[in-house]
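Among the features that Swiss-Prot reports, signal peptide is placed at 1-50. Annotation comment: Swiss-Prot describes 63-92 as domain '4Fe-4S ferredoxin-type 1', evidence class sequence analysis. Per Swiss-Prot, [4Fe-4S] cluster 1 binding site is recorded for 72, 75, 78, 82, and the stated evidence type is sequence analysis. What Swiss-Prot lists as domain '4Fe-4S ferredoxin-type 2' is 100-132, and the listing cites sequence analysis. Residues annotated as [4Fe-4S] cluster 2 binding site in Swiss-Prot: 110, 113, 118, 122. Sequence annotations record features per position, and here Swiss-Prot assigns domain '4Fe-4S ferredoxin-type 3' to 141-177. The [4Fe-4S] cluster 3 binding site annotation in Swiss-Prot covers 150, 158, 161, 165, and the record cites sequence analysis as its basis. Swiss-Prot lists 188-219 with the feature domain '4Fe-4S ferredoxin-type 4', giving sequence analysis as the kind of evidence. Here Swiss-Prot flags 197, 200, 203, 207 as [4Fe-4S] cluster 4 binding site, drawing on sequence analysis.
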């Protein structure tokens, strides 16, 4: 005897509300985005803890950061041309714009190649291809930041930064000072001269301290710039061959060591002759 079972009708799933579907889709997308941001921030935090140093540009790079970033086409040819593997191509997590070349002096300084292959390989003008003298490059400026830990400031003869300088006695010299601790010895203080320092980074890389007391900083951080509105009187006098200010034109009170103040009489006004007046 055959028994025929009745088939159960399939239950239809209720249709998902379009608004609810849209909400779940947006929520999933937002959660994924936040997770990605968290990963990136974590990587950047780990990178910052690494304290890899100040990023510097290759020799003869355009000094203006915006101009360099605009001129660099991120081709990496300068990095490939460096025979010492000193240059790096920046990634998304690097301290400079992705795809641009940089180096960390504490890790690997510039070896000052006489033929400047990195600059010669640049096709865009971000690096000066016409440069011929590597000693004229200005990758940064050496600055002795920490006098409290520098061994020479403690009265010890370290002199390593001075000895490794490619332009010894020009870019870095040793200046003597009295040692107040012993009262009978001299301190030999490393002194950087900005007119000769190339910013190669050999001094920073060679510093014997765990954290270098001398560092290479970008020029805009290391050196103040005199505003265009300033005029140095002695320079203007040398250019003109005479003083540009009439004698006794400016009269300021004179304060004597005794504490008295002498106020000079006002000078006669000086009128410049009017051109074409014949006077």
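Any Cβ shown, glycine's included, is placed from N, Cα and C.
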Within the predicted model, mean pLDDT of the domain '4Fe-4S ferredoxin-type 1' (63-92): 95
CB-centroid shell, 8 A cutoff, [4Fe-4S] cluster 2 site 110, 113, 118, 122, site residues removed: 58, 59, 60, 78, 81, 82, 87, 116, 117, 119, 120, 121, 127
Beyond the flanks of the domain '4Fe-4S ferredoxin-type 2' (100-132) by at least 6 residues, Cβ under 8 Å: 52-62, 68-69, 71-90, 94, 139-140, 166, 198-202, 204-205, 212, 215-216
Secondary structure at residue 118 ([4Fe-4S] cluster 2 binding site), reduced by DSSP to three states: helix
Cα distance (Å, whole number) from residue 197 ([4Fe-4S] cluster 4 binding site) to residue 82 ([4Fe-4S] cluster 1 binding site): 21
Spatial neighbours of residue 200 ([4Fe-4S] cluster 4 binding site) among the binding-site residues 72, 110, 150, 165 [C-alpha, 10 Å]: 110, 165
Euclidean distance between Cα atoms of residue 150 ([4Fe-4S] cluster 3 binding site) and residue 78 ([4Fe-4S] cluster 1 binding site), Å: 35
Other CB atoms within 10 A, centred on residue 158 ([4Fe-4S] cluster 3 binding site): 18
Candidates 110, 122, 197, namely the binding-site residues, that fall within 10 Å of residue 165 ([4Fe-4S] cluster 3 binding site) by Cα distance: 197
Binding-site residues compared (72, 75, 118, 207) - the one with the fewest other Cβ atoms within 10 Å: 75
Helix, strand and coil residues within the domain '4Fe-4S ferredoxin-type 3' (141-177) as assigned by DSSP: 9 helix, 11 strand, 17 coil
Nearest recorded site to residue 122 ([4Fe-4S] cluster 2 binding site) by CA-CA distance, among binding-site residues 72, 150, 158, 161, 197: 72
Cβ-Cβ distance under 8 Å to residue 203 ([4Fe-4S] cluster 4 binding site), same chain, at least six residues away: 142, 160, 161, 162, 164, 165, 172, 190, 214, 216
Separation of alpha carbons, residue 150 ([4Fe-4S] cluster 3 binding site) and residue 118 ([4Fe-4S] cluster 2 binding site) (Å): 33
